[in-house]
Amino acid sequence: KPSISFYPPVTFAQVYCRVRPLGVEDEECCIEVISSATIQLHAPEGFKTNRNGEYKETQYSFKKVFGVSISQIELFEHVAKPLVDDLIHGKNGLLFTYGVTGSGKTFTMTGSPGQGGLLPRSLDMIFNSIGPYQAKRYVFKTDDKNGMEVQNEVDALLERQRRENNSHYFDFRQKLDPEIADMIKSEEAYKTEGVDEDSSYSVFVSYIEIYNNYIYDLLEENQEDAIKPKPPQSKTLREDQNHNMYVAGCMEVEVKSAEEAFQVFWRGQKKRKVANTRLNRESSRSHSVLIVKLAQAPLDADGDNILQDKNQVTVSQLCLVDLAGSERTGRTGAEGTRIREAGNINQSLLNLRTCIEILRENQLCGTNRMVPYRDSKVTHLFKNYFDGEGKVRMVVCVNPKADDYEETLLVMRFAELTQEVEVARPVDRPICGFTPGRRHRNQAFKEELSRKLDERGGPIDGGKLYVPSVINSMVHCLPPLPSSELADPNDDITLPRLIEALHNRHRIRQMMIDEYNNAGSMLQELDNNLISKENVIHEQNGKLVDKEKIIQNNKAEIERLEKRTKMQEHKIDILQKTTKIYEDDQRTLKYELETREQRLQREQSDKRRLEQRMQGVVTDTQYKWEKECDRRVNAMQLEMQNKLWVKDEKLKQLKAIVTESKTPGRPDPPPRQTQRQPQSQGGGQAVQFTDIETLKQERKRKSSEGTPANGDHTDGAWTDVETRCSAAVEMRAGSNLGPGYEHHGITKRRKP
C-alpha cells in the first residue's frame, strides 16, 4: 500500500518564551532579553543565590524569545501557524502554554477583542484554508471509539433534521457574544497553501478541563434541577484500537466556520473553574484543553461524491492546552478549597516534569525506565504526543517582576529539559491512488454543460439536442424523387426524368446552402452582437460584484460598529450601575456623617452642661470649706487662748509655791539671766523650770551641810514643795483641770 512519510527522522520539542510587560514601571525587573533566542535572569536585591553572598546570573536559550513589544499576530506566525499547516496535511500537533500564575498564559492562548490569541487565529486559518472544500454537515460522523464514519447525503440529511429538532443542539444562528466579537481583523487572516482540493473536510471541536485530576466536559449540557442540582460527571480516559488516548463520552461539535468554533469554545469557557487570588483576579484553577479534529476523505473517481470507505478517512487533531499556573499558597493567600486546587495543580505539573525528565534520560542514556504517564490525567491524555504521534510546542510565559524570581527559575529549568526530548516520528498517511484534479475537472464539466444547455434552449427528450429534428424537417422539404424502376433497357423516359429531379433537388439544396450561409452570417453577426452584449453585461456584473463587495464590507463594518456599540452600551450600563452604587454609598456615608455630627454636637452640649454643673458644685464645695476653715481657725484660736491662760495661771501658781517655800534665813538665789521667752508651737510662751532646778540644787546643798535641829521640818517642807511642783508641771491642755482650778500646796503633818 503506498504511503507518504511526513516527519524527519528526529524532531525535538520546540520551546518558545514570551516575556510579559511589567505592571508598574518602577517595579524591579529580574529578566533581560539578550538576543532573539536567549534571556538572562538576574537575582533580585536581597536574594542571595550563593553561599558567599554573590549574585548569580543565569542564561537560558529557546527556539525564539518574544519580548514585551511582540504582537499576537507575530507570535501566531512563528508558533501556531506551522501546526495548523500540519493539521490540514493530516498531522497531529500539541501546543500548550506553561508558566507561573499571572504570567499571561490565558491572554497568549485566548487573547482579547482586537488582539486575538493563538486559539482564535488557528481556527480562523483552518476555515480560511478548507472553506470551499467542506463537506455537508453530518456527512462525517464520530463514533464512540475515537473513530470517524462516512454517511451518504440522505443519511446526513436525516441526521441533520434529527439534531435540529433536539433541544440540546447548538444553535449557531444566535449572534456572537460582544466579548468575543472582533477577535481577528480581516487583514490579519492567514491561509494554508497546498490544500488537497480532491478531498472533503469537516471540523469537530471538543473542550474539556482537568480539575483536581478529574476530567470534565465543558460542552456537556447538564439538566438543570432547581431543587437538587446535579454536579457534573467526570469523564474517563480510554485507548482506541490504534493505541491513542481519548476522552470517552466527550461531546464533539461539528462546526462550519471560525465564528461557530469560537462560539462553542466561549460557551465552554464560561464554565471553566476560575477564582480570585492575591496574585491574579481571575486565576485559572484547572487545565483546559481544546481539541480540534479535522476529518478528510478523498472524492471518488468522478470527483463528485465522497469515497464511501472508512479506511480512506484521515483524522488529524490539534490540541490547544492552557495549563494552570504553578503557585505557592503562601503568596496567593489560598485557604480551604483554593489550597486543595493549588496542590493538585502543582502535583500535575510536577508529574509532567517528571515524565519529561525520565523520557529525556531514556533517550540520552539509552535506559528503559517506565515513564509514569498514568500518575496524572494531563500526561496520560497526551501520552501519544510524547511517544511520537505528533509535534509538540510549548510557549513559556514569564513575568519579569522580582517576586516571581524563584518560580520563574524552576520554569526555566523545566523548559530547558523539554527542548532536549524527541517527540515526533514518521507516520504514514494512506493515499487513494485516484487522478489528482478530479474536483476541478468535474466542476469545469458541469459549468460547460450548463452553459451549452442554456445556449441550446435546454434539454429535450431525455437530454437529446434539437439538431436531429431540424435535419429531418429540412430533408422533408425537398421534392420527392420520381419512380426509378427500369422495365426496359431502351427506356428513355425514366432516366431523364430522374436526372431532372436530381437537378432540381441539387438546385434546391444549393439554394438552401446559400440560405444557410446567409443565415450563418446573420447568426454570426447576432452572436457577435450577443457576445458584445455579454461582455457589457459581464463588465456590469463585475461592477455589480465590486459594488456588492463594497456593500458587504459596509455591512460588515456596520455590524462591527453595531457590535462595538453594543459593547460600549454594555460598558455604559456597567458604568451606570457602578455610578449608582457609588452614589448610594455617597448618600449613605453622607447620612452617617450628618448623624455623627449631630451626635458630636449633642455630646459637646452635654459636656458643656456637665462642666457648668461641676463648676457650680466646685463653687459650693469651696464656699463650704471656706466656712469650715474659718470655723476651725476660730476654734483653734479660742483653744490657744485658753491654753495660754492656763499656762499663765500655772506660772502664777508656781511662783506662789516657790515664794512660800523659801525660809527667812536662806540667802536669795543668784539672779537669773534675762533670756528671751521661747514660744510654743501654739504661739504661747513656753514654761521654763529654772526656779525649780535652783530649788533642787539648794536642797541638796543644805542636806549635805546637815542641820539636825530642824531637819525633819525642812525635809517635809521640801517634800511638799516638790510634790506641788510636780502636780503643777503635769497639768496640760485637755485635762480635767479647768482655767479656774487652783492647786494649793497643803503642808503635810506627821503623826505624833
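Cβ coordinates are placed from backbone N, Cα and C, and glycine is handled just like the others.
Taken straight from TrEMBL:
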- 12-421: domain 'Kinesin motor' (DOMAIN)
- Gly99, Val100, Thr101, Gly102, Ser103, Gly104, Lys105, Thr106: ATP binding site (BINDING)
- 544-620: coiled coil (COILED)
- 659-752: region 'Disordered' (REGION)
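All features noted in TrEMBL, drawn onto the structure.
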| residue | record | Cβ contacts under 8 Å, 6 or more apart |
| --- | --- | --- |
| Gly99 | ATP binding site | Lys105, Gly325, Ser326, Val396, Cys397, Val398, Asn399, Val411 |
| Ser103 | ATP binding site | Arg20, Gly325, Cys397, Val398, Asn399, Asp404 |
| Gly104 | ATP binding site | Arg18, Arg20, Cys397, Asn399 |
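For Gly102 (ATP binding site), the Cβ neighbour count at a 10 Å cut-off comes to 24, with all displayed protein chains included. Note on the coiled coil (544-620): mean pLDDT across this stretch is 90. For Thr101 (ATP binding site), the Cβ neighbour count at a 10 Å cut-off comes to 22, with all displayed protein chains included. For Lys105 (ATP binding site), the count of additional Cβ atoms within 10 Å of its Cβ stands at 26 [all protein chains shown]. A simple way to gauge crowding: the CB of Thr106 (ATP binding site) has 24 other CB atoms within 10 angstroms, across all the protein chains here.
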